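*Asks:* One structure follows; several queries about it will come next.
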Amino acid sequence: MYESAVRLSPQATKTSGEMDKPLISRRLVDSDGSLAEAPSEAPKVGILGSGDFARSLATRLVGSGFGVVVGSRNPKRMAGLFPSAAQVTFQEEAVGSPEVIFVAMFREHYSSLCSLSSQLAGKILVDVSNPTEQEHLQHRESNAEYLASLFPTCSVVKAFNVISAWTLQSGPRDGNRQVPICSDQPEAKRTVSEMVHAMGFTPVDMGSLVSAREVEAMPLRLLPGWKVPALLTLGLLVFFYAYNFVRDVLHPYLQEGKNKFYKLPVSVVNTTLPCVAYVLLSLVYLPGVLAAALQLRRGTKYRRFPDWLDHWLQHRKQIGLLSFFCAALHALYSFCLPLRRSHRYDLVNLAVKQVLANKSHLWVEEEVWRMEIYVSLGVLALGTLSLLAVTSLPSIANSLNWREFSFVQSTLGFVALVLSTLHTLTYGWTRAFEESRYKFYLPPTFTLTLLVPCVVILARGLFLLPCVSRRLSKIRRGWEKDGAIKFTLPMDHTLAQKTSHV
């Protein structure tokens, strides 16, 4: 992305390689497939820097029909790395004619451009840099604001810092199309937005240059919306794994002297995964039940939910995808169970006991039907969860209208929860009433997992009653009961804090 000194071999100097191939425009392509010289009428754009990002940016600009002038401290050494249509020269010459100049340099090198202040006066500087996490915490001002302080006569625009060099080379179809843009100069922002459109991306106005700090923080975030759901999933995994370990491994060892620690890698994990997936799926639909109950109690939809409920509602997608992930792992582990050597030993031991007991027939009709129904319901539940996970993808969700998306995520999602509940009940069957199942006085695991889903299903059933569903439907269409919303004067800070409006 930034200025760097790269020593080239003679072979690399002779050929410009894949960087010479156009990505979008065909106007600049010769018959031999290489880039032709940019036409004289093409708008000129300058780039200060010769790093990876500068090279990818130059390729994209040339392929989009712009004339590119690259300013480098070592133009002869760097010329072979850029498209042949791009002019590589010294920094002083590169900033002469272009009105828009991309600054693709590290923050610490900004001061080296101060000698060009007179030539840069009145021009648009596009800052594409990204600070490290340490630099972001160390500096109070963003890189773009620092650049603007060094060049007060220029219009500084923050853009393209969230787009990788790979996305610039391969095209916006292989990456995020959105390019956040912020600047204190509306005209400069409009000019850069038009360039973003011409390059095949979508500009997103982020406001004034003060927002540059937020824009620069975007690439530093690692799955920000997944932190709470991931911690929740990890907590449930640890809890259910420890619970199953005590029941299935520790209890036989202490009470009967049987060594069943071999179950830890596969059996205990396979018993834990469906519990986590089932609880997570119920937690996707529990906040909707709580929100509906709150709206019924308040008699209006125009009051904001509490922060904890609002955050819970916003994390439902991530929780649902993690539920599908655990369910898919459970299916894979279940397929692997017969492949274990311990399972083969159990089959041999069962056959030996059958011979010794002189029993020729061990067919139990009830158990056969239970397992058939249990497996069938599990496959149906996993298939429905797969549909929910697929429609959560932006490319699929964007092809659905709001009613279709709501039907899949709400109605079919509730069907998946009901199927999972039936799957769990079929697995438990009458085991919940057997005294031998309560090891260390701990109930079977499936009984614990049924608590939250049954509450959700019962609550959804109550909401289907005509007297409740009609009232809830009226509230969600805008009806309010008398006194539900109280409009207060701005000076009444106490009442203003108690009532939040959407």
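Heads up, the Cβ atoms here are built off N, Cα and C, so glycines get one too.
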*Asks:* From the ranges 97-118, 405-426, grab the one TrEMBL calls transmembrane segment.
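*Replies:* Range annotated as transmembrane segment by TrEMBL: 405-426.
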*Asks:* Which sequence-distant residues neighbour the transmembrane segment (373-393)? Criterion: at least 6 residues beyond either end, Cβ under 8 Å.
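*Replies:* Answer is 281, 317, 320-321, 323-324, 327-328, 331, 400, 405, 408-409, 412-413, 415-416, 419-420, 422-423, 426-427.
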*Asks:* Please list, for the domain 'Pyrroline-5-carboxylate reductase catalytic N-terminal' (44-131), how many residues fall into helix, strand and coil according to DSSP.
*Replies:* 37 helix, 21 strand, 30 coil
